[in-house]
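Residues annotated as signal peptide in Swiss-Prot: 1-21. The feature domain 'Ig-like' is assigned by Swiss-Prot to 22-114, with sequence analysis given as support. As annotated by Swiss-Prot, disulfide bond applies to Cys42-Cys110, with the evidence given as sequence analysis. Marked as N-linked glycosylation site by Swiss-Prot: Asn84.
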Amino acid sequence: MSISLLCCAAFPLLWAGPVNAGVTQTPKFRILKIGQSMTLQCAQDMNHNYMYWYRQDPGMGLKLIYYSVGAGITDKGEVPNGYNVSRSTTEDFPLRLELAAPSQTSVYFCASSY
């Protein structure tokens, strides 16, 4: 019996702003077994209201998972199934993978804007 693994790479997507400001995304890399859960953290220090989570599958463009227009306000994007988000503060927008599946093997991007 083989063990199937799900791999995701998380890279911050930075937007223009003040010097030394940006989006911080952790962890940078993570490998999960099928069925495991994990949270990708995203924090921004630019006081932006809008925050976004995207995924990019091999050979494809970006797909919006979830977005937020302010603290306490979140909405689904194109591919929300299997994910959850929360936005308790302006700075933080964590993305939770509930039960890792091979179809979620992807590069994940967090972004913010005014």
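Placed from the backbone N, Cα and C atoms, the Cβ positions cover glycine too.
If you take the Cα of the residue listed as 'N-linked glycosylation site' and the Cα of Cys42 (disulfide bond), they are about 13 angstrom apart, rounded to a whole number. Each residue of the domain 'Ig-like' (22-114) gets a DSSP state, and the totals for helix, strand and coil are 3 helix, 51 strand, 39 coil. Across the domain 'Ig-like' (22-114), the model assigns an average pLDDT of 97.
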